[in-house]
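As given in Swiss-Prot:
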- Leu502, Pro503, Thr504, Gly505, Ala506, Gly507, Lys508, Ser509: ATP binding site (BINDING)
- Cys853, Cys855, Cys897, His900: Zn(2+) binding site (BINDING)
- 36-47: compositional bias 'Basic and acidic residues' (COMPBIAS)
- 61-70: compositional bias 'Low complexity' (COMPBIAS)
- 86-100: compositional bias 'Polar residues' (COMPBIAS)
- 273-283: compositional bias 'Polar residues' (COMPBIAS)
- 489-662: domain 'Helicase ATP-binding' (DOMAIN)
- 683-850: domain 'Helicase C-terminal' (DOMAIN)
- Ser27: phosphoserine (MOD_RES)
- Ser178: phosphoserine (MOD_RES)
- Ser180: phosphoserine (MOD_RES)
- 17-180: region 'Disordered' (REGION)
- 201-333: region 'Disordered' (REGION)
- 860-888: region 'Disordered' (REGION)
- 1111-1130: region 'Disordered' (REGION)
- 605-608: motif 'DEAH box' (MOTIF)
Amino acid sequence: MERLRDVRERLQAWERAFRRQRGRRPSQDDVEAAPEETRALYREYRTLKRTTGQAGGGLRSSESLPAAAEEAPEPRCWGPHLNRAATKSPQSTPGRSRQGSVPDYGQRLKANLKGTLQAGPALGRRPWPLGRASSKASTPKPPGTGPVPSFAEKVSDEPPQLPEPQPRPGRLQHLQASLSQRLGSLDPGWLQRCHSEVPDFLGAPKACRPDLGSEESQLLIPGESAVLGPGAGSQGPEASAFQEVSIRVGSPQPSSSGGEKRRWNEEPWESPAQVQQESSQAGPPSEGAGAVAVEEDPPGEPVQAQPPQPCSSPSNPRYHGLSPSSQARAGKAEGTAPLHIFPRLARHDRGNYVRLNMKQKHYVRGRALRSRLLRKQAWKQKWRKKGECFGGGGATVTTKESCFLNEQFDHWAAQCPRPASEEDTDAVGPEPLVPSPQPVPEVPSLDPTVLPLYSLGPSGQLAETPAEVFQALEQLGHQAFRPGQERAVMRILSGISTLLVLPTGAGKSLCYQLPALLYSRRSPCLTLVVSPLLSLMDDQVSGLPPCLKAACIHSGMTRKQRESVLQKIRAAQVHVLMLTPEALVGAGGLPPAAQLPPVAFACIDEAHCLSQWSHNFRPCYLRVCKVLRERMGVHCFLGLTATATRRTASDVAQHLAVAEEPDLHGPAPVPTNLHLSVSMDRDTDQALLTLLQGKRFQNLDSIIIYCNRREDTERIAALLRTCLHAAWVPGSGGRAPKTTAEAYHAGMCSRERRRVQRAFMQGQLRVVVATVAFGMGLDRPDVRAVLHLGLPPSFESYVQAVGRAGRDGQPAHCHLFLQPQGEDLRELRRHVHADSTDFLAVKRLVQRVFPACTCTCTRPPSEQEGAVGGERPVPKYPPQEAEQLSHQAAPGPRRVCMGHERALPIQLTVQALDMPEEAIETLLCYLELHPHHWLELLATTYTHCRLNCPGGPAQLQALAHRCPPLAVCLAQQLPEDPGQGSSSVEFDMVKLVDSMGWELASVRRALCQLQWDHEPRTGVRRGTGVLVEFSELAFHLRSPGDLTAEEKDQICDFLYGRVQARERQALARLRRTFQAFHSVAFPSCGPCLEQQDEERSTRLKDLLGRYFEEEEGQEPGGMEDAQGPEPGQARLQDWEDQVRCDIRQFLSLRPEEKFSSRAVARIFHGIGSPCYPAQVYGQDRRFWRKYLHLSFHALVGLATEELLQVAR
């Protein structure tokens, strides 16, 4: 015993010295970092304490019990002998409810374990009404802290004791030693079962034991502390057994009113010196004051916690127990004035029923919910429950109808399905800085990949279509397959990527619905459908059969709607997920693949967008397949399109990794029941009215008119409403619609677009005047006519538009109004030239993407090949680009730089290069898909961060100690920087991430957590006043910095060559489209009023068929050649002098501007750009759109000569 006291005194002296030197108590890490002599003392202290406890109760009980027996206080008028607990109470029965109070548990504990050592009567019980328990479990414990010993262990093995003089050894010590010998001779298993039954009340899972200490469950007096058991002056086991459960009440306690949930901080351990110091605050310690420290675990030693017991009792879980947080606070209020908390009566389980006292009348006093307020509250509760159905989240505050452990409404806390290990983890640890999201149902562990449903034959052939496929076909509402559907479905079910080209209305959607249904039947999985338009997604979701559950994710959804959809996806309640390419590629669209069910296959609807829309319009299409393979682990793709030439099909097949097959195409691109006609009228508006009033179109009740510009849709719709309302006579089988014509374009709000489309689908609208945004995915079979006011941009667009008519097989009419002088062709050329750029702008972009660095580290060749700037297999490119890439696909040099994360602010880059954002992103995608893999394009992010501290520089420096990114940012600033002593700091997020080597999301999360802190006593989350702002959206990429000048020139040539090739192809496509329609056009619409011309219609269908069947390399060039100018253009020689004069005048009017030759040509053609917008330069009609009839490239040449002349 002397050795134990000596070791304890030496450890206390070391801890006091540590506290004086460091200003804080030593932690577990400090003990581990202490000298070997100190650590040896801690180990010896632990060993001596364990040996003493096993020998018969320890030093505390062997010395204090004789003093309690021999030095009993004399009876006085007032004293502890008058307490109610001093009277003998009947012993509790073994079958007492678990919901007894803490004193009741102490009574049973003493009766079983220390029955022979009792020095006083047992404690009595007093009925006490139960209060409401805490409705929120504690937060998870951070890593690195050891488990906290349970209260049952402390009471049973090492009971604490009040400071008292050490008595002399007496007879009671010998009785205790003999008792330990007798207990040692018994069966250990029987003893363990006896011990485990007694602390069963506290051995339940922590999540099922609400914290003791709420205002509703304790009787507290301000300024005093409450202890369970006898008074502070009593001696014996009663005082020692419950000394640790005293509660400090001097500070405000957390309340449960107003939706606030109680939380408590925990102390991981307390050293002997800490307990002695806290217990001696009320007065000078006595001789045995250090005895309390013997029972505490030394810092640095792990404590073994009891395994949690399952909460199997079906009774109400809101009983009063002792939580770990209450144990951590035990002993901190020792020495303060006592306030008794009386034991409480166990509550019988009545389920959800509450007994009402009907004998006493109660009246409402004060504010109450009556009439209007009561109805408003009921209305809020109703819509809160419906929030999930409309995309919103559930109630923000846990209500009494839900489980207070996981806030679910399908069970109570007693039947909570959460595992015991998770409950124990959630009940320990500090409050997180950022509130955690609402718990979602856990997805069962699934395989990362989905195996094909059917295997291939020995020679790679498809298996015969089994019966279950036809059964699923009937379940979807179809009796048989249409041409091309069965083979495509079997290929997907066999795991083979497929490109399916079918006419519009031929049932392409079934080819992904049927495989998705069969895959989901076998195992929980997900089918991704990438769709280009929101209206198309809405139409497809509404048209799905009931057996398929579908959901959408797009940019028009709110955050609550997106979270609701993601929660259903994680719970495997969605079979088909439709999303836009921007939602798939962009940041925040989908969670990581590990949090989602495995993807069976991915369907690219309107797959021709991969080839046509991906360049300078929607560059995300260029990265769709790459993201699906690398991020989502997709191996099987299905491409669906109705308009794809051989060239387009080959390009799409390359993206989808589909082997080329001779039967990629289905039937003819234009159905036989469509009657085509073309006319060239000078007054298009009057010709349209004449055609609609003619015999051929007069009785048609569903017509779609397509225009190239939004302004034309509004104007033509107003014209038709004025002129055709009284002239139109409905057909024999239909009734007159409510409205004659309405406009539809992308500039309208979504509600208005849905209204127009719904009216047209229901037959209440006869004519829709729209742009190409209308009709994609339209499922109305009886569209009788499709008209075009102007030249379509391509054959593919025309075929797709006319394919929306006559899907029911009945005759339908299609007419095209062509401008005789090629005015519409000029407008389409403007869009082509708007996407082109100069070589100088490309070179500036390359310099910004590949800045020089000073990397000196090398990497092994195996890592270099897969990193940025390494090599990878060369994909197949079109013939025009294959020759250009052939000399660039040679193996590059070994890279020294492994790549740096860089950010290009979008707005600044757009202004510096005078290029649209889509054009810049397209060039970056070209570099990412290059065989040399020049860079890795990441999701766009906000790069500029500003952090403002209201507490001044002192608070900023204090935050740097807890936030490593902020510390690195302050360390990188120059000492002479005047902002060093300010209360705010601004920095580049991406540069900071690149210098630290962290992930961008981790740095952003660490900076956002600086805005929140915890109240040190209650753990309630509170704001710190720190403001963290992110701004300046930027392209985020990773590129090497050690490229040579030759490599940069090679990249510039590659990018500029791709831009010129795309421009030539687009101009050639326009030229060929105009020539084809011009060859079959009538001079006016007169011959088309009564009946169609079958001969010209057949000729046009043959031209379209040959265009779609052409092989690669047969497409002619599109730039001006020696034969003459393009259609619709004048000769430059006739206008050269006037053009030069106008260029000089334009430059002289704006001498402060630094124009390029392309900028001057754009203004003369009426093409706006970021640096020269149409809103500013379009006001000067002397130059804007003046030379639209001349060649754009000819204007660029003349402007270059004049700029050089001015520079001289």
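Note that Cβ sites are derived from N, Cα and C of the backbone, with glycine treated the same way.
Residues 499, 508, 529-532, 536, 540, 639-641, 643-644, 648, 652, 656, 776, 796 of the same chain lie 6+ residues outside the motif 'DEAH box' (605-608) yet bring a C-beta within less than 8 angstroms of a C-beta in it.
For the pair Pro503 (ATP binding site) and His900 (Zn(2+) binding site), the Cα-Cα distance reads 47 Å. Closest by Cα distance to Ala506 (ATP binding site), from the binding-site residues Cys853, Cys855, Cys897, is Cys897. Here the binding-site residues are Lys508, His900, and the one with the most other Cβ atoms within 10 Å of its Cβ is Lys508. Here the CA atom of Gly505 (ATP binding site) lies 58 Å from the CA atom of Cys855 (Zn(2+) binding site). DSSP places the residues of the motif 'DEAH box' (605-608) in helix, strand and coil in these numbers: 0 helix, 1 strand, 3 coil.
Taking Cα separation as the measure, Cys853 (Zn(2+) binding site) is nearest to Ser27 of the recorded positions Ser27, Thr504, Gly505, Lys508. When the recorded positions Ser27, Cys897, His900 are ranked by how far their Cα is from the Cα of Thr504 (ATP binding site), His900 comes first. Spatially, by CA atoms, the recorded positions Ser27, Leu502, Lys508, Ser509 include one closest to His900 (Zn(2+) binding site), and that is Ser27.
Long-range C-beta contacts of Gly507 (ATP binding site), restricted to its own chain and to partners at least six residues apart, with a cutoff below 8 Å, comprise His478, Arg482, Gln485. In the three-state DSSP assignment, the secondary structure recorded for His900 (Zn(2+) binding site) is strand. Remark: of the binding-site residues Leu502, Ala506, Cys855, Cys897, the most isolated position is Cys855 (fewest other Cβ atoms within 10 Å of its Cβ).
Rounded to a whole value, the Cα-Cα separation of Ser509 (ATP binding site) and Ser27 (phosphoserine) is 64 Å. Counting every protein chain shown, the Cβ of Thr504 (ATP binding site) has 22 other Cβ atoms within 10 Å. Across the compositional bias 'Basic and acidic residues' (36-47), DSSP classifies residues as 12 helix, 0 strand, 0 coil. Each residue contributes its Cα atom, and for Lys508 (ATP binding site) and Cys897 (Zn(2+) binding site) those atoms are 48 Å apart. Secondary structure at Gly507 (ATP binding site), taken from DSSP and collapsed to helix, strand or coil, is coil. Reported as a whole number, the C-alpha separation between Ser27 (phosphoserine) and Cys897 (Zn(2+) binding site) equals 43 Å.
In the three-state DSSP scheme, Ser27 (phosphoserine) falls into the coil class.
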